[in-house]
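So the structure is just underneath, and the comments pick up after that.
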Amino acid sequence: MAVPPSTYPRRLLPLFLGLFQGALLLFFALFVTYDEPSEQAEDASLVANQVYSTFPFFQDIQVMLVVGLGLLLTFLPRYGFSALTHNFLLLNFSAQWALVLQGLLHRFHHGHIHLDLHKLLLSEFAAVTVLISVGAILGRASPCQLLVMATCEIPLYLASEWVIVTCLGVLDVGGTITIHVFSCYFGLGVSKALFRAAQQPLHPKETPTTSSDLMSLVGTLILWVFWPSFVAVLCQPGDAQHRAILNTLLAMSASAITTVVASSLLERDGKLSPGHLQNGSLAGGVAIGVLADMAVPPAAALALGSLSAVLCVLGFRFLTPLLARKLTLHDQCGIHNLHGLPGILGAAASVVAILVAPEDTAGPHPSQPSPAAGNASQAAQGQGGSRALCQAAGLALAVGAPLLAGLLTGSALRLPCLARPPQRLCFEDSLYFRIHDQAESPAPDSSAEEGALALKEQV
């Protein structure tokens, strides 16, 4: 008779989260407060207008991250509960962690952090990087590993974003470089170090089913609808924000149509691949973010959306298998195809846009102290070459730094106490949830060893 394994790994997740939430509660009680109510009518009206103009965008982004992205990750047929729940957990954990770090680093005045909706929005942007990065190791990592990964990634993102936006002056209002490219290569670095040189064979539970692909496609549609809010929320209200919305809609419309064309042409029988539709339709939104508020012609947005979709589909069809075979690089959700390749394309397009019309480019990133948009535009005149060089330097930093940090983080995730699931028990909800459906329960003839492993991995 098999000896029951230690219950220590099972208690690691509630212990980790309990200590984190308790420490956060104490921190908020001591150092976090709201701004004093405005006594003057003009100030109160200004605050009200800011809330009414920002909160609808904020709600759209919440729907994107909680519902849209969560459903997009349900393409694994026996990992739907885990994908949705872990996505929701990581969003809340990462946003709170980012809120604390941002307050300590940038907004700690007179012993207190003054909380408002804009600061909460920026913390959610930081959390997005974690939600994207975990796509590289989805289903093959335990919740504790994912939380440790988030703990390491958030401070690195904040440092990287500060260097890229504040120090280099990179224009990236939609997060193409600072969010999508950064999170992609951090996730790939984690995956490479976590699995090392071992090539991951196709798991029997890894193949999507009709119902799981349908749920994932619903997530794509939700993301597609709300994506313009994600890109435009940090733009200067007015013409810049209007341009960002229009350019994003055009780019995503072009990427949706081009995905159908490319997917059909790549298949011998002309049929469409659900995986291509789920990802390629969103590629335009990733690429356009870096120059969404720039004064580029509408044709440029359409062209960028189409090119990004082609890159994404070709990446799934050829590049992902090549990287897995030559570099033993595992990318479960294809984040390199959806976030890495279109992100690099968008960054390159921004360099061209700045070189062609530097005087028409948008102002500084709204998340940092900056002059008015008009003054920034005047300062940009005659500096197209230096600004373009800064854009390229920001892209290089967003690739190299997270890749190196991801390798170090992935090595740390190999610690046995973090309860990484064994290969044969990956992509299985029953490791983390009490499943009542008999069809999802382990087979009656499961070995005692597999049952013991399942018990150990229930974190």
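Counting starts with 1 at the first residue shown.
Cβ atoms are placed via backbone N, Cα and C, with glycine included.
Long-range neighbours of the transmembrane segment (12-34) within the same chain, counting only residues 6 or more positions beyond its ends whose Cβ lies under 8 Å from a Cβ of the stretch, are 93, 96-97, 100, 103, 108, 111-116, 143-144, 147, 417-419, 459. Look at TrEMBL and you will find 12-34 (among others) tagged as transmembrane segment.
What TrEMBL lists as domain 'Ammonium transporter AmtB-like' is 24-415. On the 0 to 100 pLDDT scale, the model's mean across the domain 'Ammonium transporter AmtB-like' (24-415) is 90.
The feature transmembrane segment is assigned by TrEMBL to 54-76 (among others).
Annotated transmembrane segment per TrEMBL: 88-105 (among others), in sequence order.
Marked as transmembrane segment by TrEMBL: 125-150 (among others). Sequence-distant contacts of the transmembrane segment (125-150) (same chain, six or more residues past either end, CB-CB distance under 8 Å): 9, 12-13, 16-17, 65, 69, 73, 76, 79, 82-83, 86-87, 89-91, 93-95, 97-98, 102, 157-158, 161, 175, 179-180, 182-184, 186-188, 190-191, 194-195, 200, 203, 206, 234, 330-335, 339, 406, 409, 412-413, 418-421, 426-427, 432, 457, 459.
Feature annotation from TrEMBL assigns transmembrane segment to 162-188 (among others). Remote same-chain partners of the transmembrane segment (162-188), defined as residues 6 or more beyond its termini with a Cβ less than 8 Å from a stretch Cβ, comprise 105, 125, 128-137, 153, 156, 230-232, 234-235, 240, 244, 248, 286-294, 329, 331, 335-336, 339-340, 342-344, 346-347, 350, 354, 361-362, 364-368, 387, 390-391, 393-395, 397-403, 405-406, 409.
Within its own chain, the transmembrane segment (214-234) has Cβ neighbours under 8 Å at 54, 56-58, 60-61, 63-64, 67-75, 80, 121, 125, 173-175, 208, 241, 244-245, 248-249, 252, 256, 274, 277-279, 281-282, 285, 288-289, 292-293, 365-367, counting only residues six or more beyond its boundaries. Positions annotated as transmembrane segment by TrEMBL: 214-234 (among others).
Among the features that TrEMBL reports, transmembrane segment is placed at 246-266 (among others).
Per TrEMBL, the feature transmembrane segment maps to 299-319 (among others). Same-chain residues lying 6 or more positions outside the transmembrane segment (299-319) and placing a CB less than 8 Å from one of its CB atoms are 246-248, 250-259, 262-263, 266, 273, 275-276, 279-281, 283-284, 286-288, 334, 336-338, 341-342, 345-346, 349, 353.
Residues or ranges marked as transmembrane segment in TrEMBL: 340-357 (among others). Sequence-distant contacts of the transmembrane segment (340-357) (same chain, at least 6 residues past either end, Cβ-Cβ under 8 Å): 171-172, 176-177, 180-181, 184-185, 188, 283-284, 286-291, 294-296, 300, 304, 307-308, 311-312, 315, 319, 384-385, 387-388, 391-392, 394-395, 399.
Annotation comment: TrEMBL describes 360-380 as region 'Disordered'.
Residues or ranges marked as compositional bias 'Low complexity' in TrEMBL: 370-380.
Residues annotated as transmembrane segment in TrEMBL: 392-415 (among others).
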Can you name the far-off residues of the same chain, 6+ from the ends of the transmembrane segment (246-266), with a Cβ under 8 Å from a Cβ of it? 174, 224, 227-228, 231-232, 272-273, 276-277, 280-285, 287-289, 291-293, 296, 298, 301-306, 308-310, 312-314, 317
Could you give the residue numbers and ranges of same-chain residues that sit at least 6 residues beyond the transmembrane segment (88-105) on either side and whose C-beta is under 8 angstroms from one of its C-beta atoms? 17, 20, 24, 27, 31-32, 65-66, 70, 113, 115, 119-120, 122-124, 126-127, 129-131, 134, 143, 146-147, 150-151, 153-155, 157-158, 162
